[in-house]
Amino acid sequence: MAASAAVTANYVLKPPPYPLDALEPHMSKQTLEFHWGKHHRAYVDNLKKQVLGSELEGKPLEHIIQNSYNNGDLLPPFNNAAQAWNHEFFWESMKPGGGGKPSGELLALLERDFTSYEKFYDEFNAAAATQFGAGWAWLAYADNKLKVVKTPNAVNPLVLGSFPLLTIDVWEHAYYLDFQNRRPDYIKTFMNNLVSWEAVSSRLEAAKAASA
Amino acid sequence: MSIGVYIIFLSVLAMSLDVGRGKTTMDPCLESMKTASLPDLPYPYDALEPAISEEIMRLHHQKHHQTYVTNYNKALDQLRSALANGDHSSVVKLQSQIKFNGGGHVNHAIFWKNLAPVHEGGGKPPHDPLSSAIDAHFGSLEELMQKMNTEGAAVQGSGWVWFGLDKELKRLVVETTANQDPLVTKGSDLVPLIGIDVWEHAYYPQYKNARAEYLKNIWTVINWKYASDIFEKHNRHLNEV
């Protein structure tokens, strides 16, 4: 999903682009069933209820996110809207047989902006591991540069003025069934086995086009 | 370990900030600063079933609380060095580590005492004077529990829901705090009587996304005796004024 894609008026719980058991053994079917089937579904359902009859009804999801972010003084729809967006972005950030090092232009840019893939890996890991409480870690693009960002709760780079390229959910519900308290193990598994660099590349192309 | 550690920390900080005059010996208070340690649970890991599973109690105490203690002690160590070196920007930079991990330790130390097995009084409603005070402030015990459940369910992300005493204004309050912020961050006169952890780790293996169910069930093991004791202790002081 490109960062600039318009979203239809009906807020939809889109299924991940793979069956719920396809990420095993790295992320269990049970996790997907709860994380997508309960948590993500609740954000979408509650958002629909929340905007019904309001001036936000029917507006694109990204519009609702920016509007309700309200420069950090969050309005009620923000949590549901941003979390609905974040989770769809998260499923699409992963793929079966993913992970490892990217190649081509993406690798070149990571090496340019982080010195090496390993330095990027460490920085992304550290951001995900040190986000206090609930939140997300991101690879983002802004001012023709790649950077790692961590955000609390539902906040995402859209409201911080940059293009999200990759994310990992570090709310405890994302990893508790498979890893319990071991967030660092979850992050490593995500990096080594789940990241869809194809998705990251296509998002980067869209971001560059949008910035041109 | 109590809120007292914050007072000790703040007074040590105040004393050391005076040491811009180039003292090289470490303030004796810093040397004797005690490290935190994981308190024992006052009951076996399975004692709060079926409200809270043994699996959760083991993970929560041995992993989560232990990690807060370990990281808090690490941060204190770094603070000691920074203070000894007069490195004030590091002192300030360490505050978020201390607040998060120290808060995690303080909050969980209270939490284990807030819970009790049913056969040791868990779930047994409070007696006077706390009982009357609750009725006066909230209408009834049920209304207090309802308010805590509603506010606890509404916490976005991680945090705590608290039932506390404002010892200055002499009233009972329900408050929520984010992450590991202790109740005192919502008001320096607030004393925690009951805190309920609503971080997902507090309920996920057993309840999954059903936080409301966890909140409903935890009341069967809430230790009102602890809350009453704290309340009466402060009441005595208030009455002595």
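Every residue gets a Cβ built from N, Cα and C, even glycine.
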One of A:HIS35, A:HIS63 listed by TrEMBL as binding Mn(2+) at the site of A:HIS87, A:ASP169, A:HIS173: A:HIS35
Counts by DSSP class (helix H/G/I, strand E/B, coil) across the domain 'Manganese/iron superoxide dismutase C-terminal' (A:102-203): 54 helix, 24 strand, 24 coil
Proximity to chain B among binding-site residues A:HIS35, A:ASP169, A:HIS173, where any Cβ pair is under 8 Å: A:HIS173
Across the domain 'Manganese/iron superoxide dismutase C-terminal' (A:102-203), average pLDDT on the 0 to 100 scale: 97
Cβ packing number for A:HIS35 (Mn(2+) binding site), 10 Å threshold: 27
Among A:HIS87, A:HIS173, the most crowded of the binding-site residues [Cβ within 10 Å]: A:HIS87
Structural state census, the domain 'Manganese/iron superoxide dismutase N-terminal' (A:11-95) (DSSP three-state): 50 helix, 1 strand, 34 coil
